[in-house]
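> Below you'll find the structure I mean.
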């Protein structure tokens, strides 16, 4: 199935059902009083994280999603049926952003998490609610409120412990093939990797971590060159970044300049990502003598003023990969237990509440009482007053 990590949808919650005006009429009960029921609440729209789903492709073809409208109230004090909720299944790691405000509505990082993204309208009141000592035969009702409508941008961010970045053909995919069971495509031309991929690295029978590979970056990626930087978002949840540096680039470029290219693109994308723990991985040491290898590594470290961790490996021959994976596992285990950077769930507060909304309608009806009660039964005023939500 095609990998799609972004989609824009419209989530329409259901409108609330209207209240109704009705009076109890039975044999021998000529003046039974009001019995108009309330409407039903509108259905809500939810996002549900499912580990069995791994792409947002379905939302590319179906962008409009609506919950059911609440049923209108009925006579006999019958309340309308609540509208059915709309539940949208998304991959674990999906983030929902309001297109209009840029607000993060939900961030679903665990299987089974269910978050409301669009709130259904509240039910209207039947005329029974407006009965009072001075208005025994109310002909007022209130309409159900409109359901919330949101335009959402869904973004899928891979959940991995370690993320890899580097120029095309630096050896990232070869490294993942050598340390995990994943088999990303490997070839001798740029941008062999077109979509992100994951691999599980098993250090021993009981310990493992997940590593993510994204398409290579080139100079100007922040401005759209190559595949751009749209895939860098998949590294936001990673706890450690591996910066792969090719010691002997096929195009004859300078490893120092290549290293600065990646660092500059990271800085342009996000300070948060640029400040994550990052290790330098010098690849293809099997193609150089030990003396040349040390000379090139020293040159890069000096130019970057690097004081962090670095490793020399050959992804093809697996030289140095075992030590690297063990040290990665140890580092991951030493980091705080919260696996991912928690993004505070920000659900927009609905501007009105049931109790306040209904109380306002009843108060307004009392103030505008038209003296239409059973004492004036012979009066010919049977018009129904409809109260609209302000």
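Placed from the backbone N, Cα and C atoms, the Cβ positions cover glycine too.
As listed in Swiss-Prot for this protein:
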{"type": "BINDING", "residues": "173, 193", "note": "Mg(2+) binding site"}
{"type": "COMPBIAS", "residues": "33-42", "note": "compositional bias 'Gly residues'"}
{"type": "DOMAIN", "residues": "1-159", "note": "domain 'Obg'"}
{"type": "DOMAIN", "residues": "160-333", "note": "domain 'OBG-type G'"}
{"type": "REGION", "residues": "22-42", "note": "region 'Disordered'"}
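Could you give the neighbours, burial and distances for every feature on this list?
Residue 173 (Mg(2+) binding site) falls within a helical segment according to DSSP.
Distant neighbours of the compositional bias 'Gly residues' (33-42): 13-24, 67-83, 120-131, 136-138, 141, 144, 147; these residues of the same chain sit at least 6 beyond its ends, with a Cβ under 8 Å from one of its Cβ atoms.
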> Reported in the order helix, strand, coil, what are the DSSP residue counts of the compositional bias 'Gly residues' (33-42)?
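Final tally across the stretch: 0 helix, 1 strand, 9 coil.
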> Would you mind checking how many other C-beta atoms are within 10 angstroms of the C-beta on residue 173 (Mg(2+) binding site)?
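Its Cβ has 25 other Cβ atoms within 10 Å.
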> Express the predicted model's confidence over the domain 'OBG-type G' (160-333) as a mean pLDDT, rounded to an integer.
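Here the predicted model's pLDDT, averaged over the domain 'OBG-type G' (160-333), is 85.
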